[in-house]
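Annotated features, as they stand in Swiss-Prot:
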BINDING   11, 49, 71  Mg(2+) 1 binding site
BINDING   11, 136  Mg(2+) 2 binding site
DOMAIN    2-144  domain 'RNase H type-1'
């Protein structure tokens, strides 16, 4: 049985950093498209970037080949440059022995990366890439919403 191939486009936004934030993803598979987004009252841009990837991958109910497009060097580098593996190996400490930021989200992301075959593609933000621009609009709309829930994992 062959694995489904999915295109996932993700973005995170924060109005202030920290401040109200939003995340968004657009997924495409076999000619169909799905948009998803959410937000939090107080969070950071990096948390929203990671969460967008988590939510996109979590939507997939079976192992898939995923071409994931992000404008976040932070997320891409954490995976591709093996920072994530190093942090786990070092007891969630950075190379200078400080606690890894956003550990709660990295721990949610890892099993999804193990399940799917994810290929990261970096796109320049705000450069006219249609899907990245769409995700940006969705994420900013969420960040601007009233009555957002707290980001319980955020620590100042």
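Note: Cβ is positioned from N, Cα and C throughout, glycine not excepted.
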Neighbouring C-beta atoms (10 Å sphere around the C-beta of residue 71 (Mg(2+) 1 binding site)): 21
Residue pair residue 11 (Mg(2+) 1 binding site), residue 136 (Mg(2+) 2 binding site) - Cα distance, angstrom, rounded: 6
List of residues, in chain order, with Cβ under 8 A from that of residue 49 (Mg(2+) 1 binding site) and at least 6 apart: 10, 11, 12, 23, 70, 72, 74, 75
Cβ-Cβ distance under 8 Å to residue 136 (Mg(2+) 2 binding site), same chain, at least six residues away: 11, 13, 24, 125, 126
Residues close to Mg(2+) 1 site centre defined by 11, 49, 71, Cβ within 8 Å: 10, 12, 13, 48, 52, 70, 72, 75, 125, 132, 135, 136, 139
For residue 71 (Mg(2+) 1 binding site), the three-state class that DSSP assigns: coil
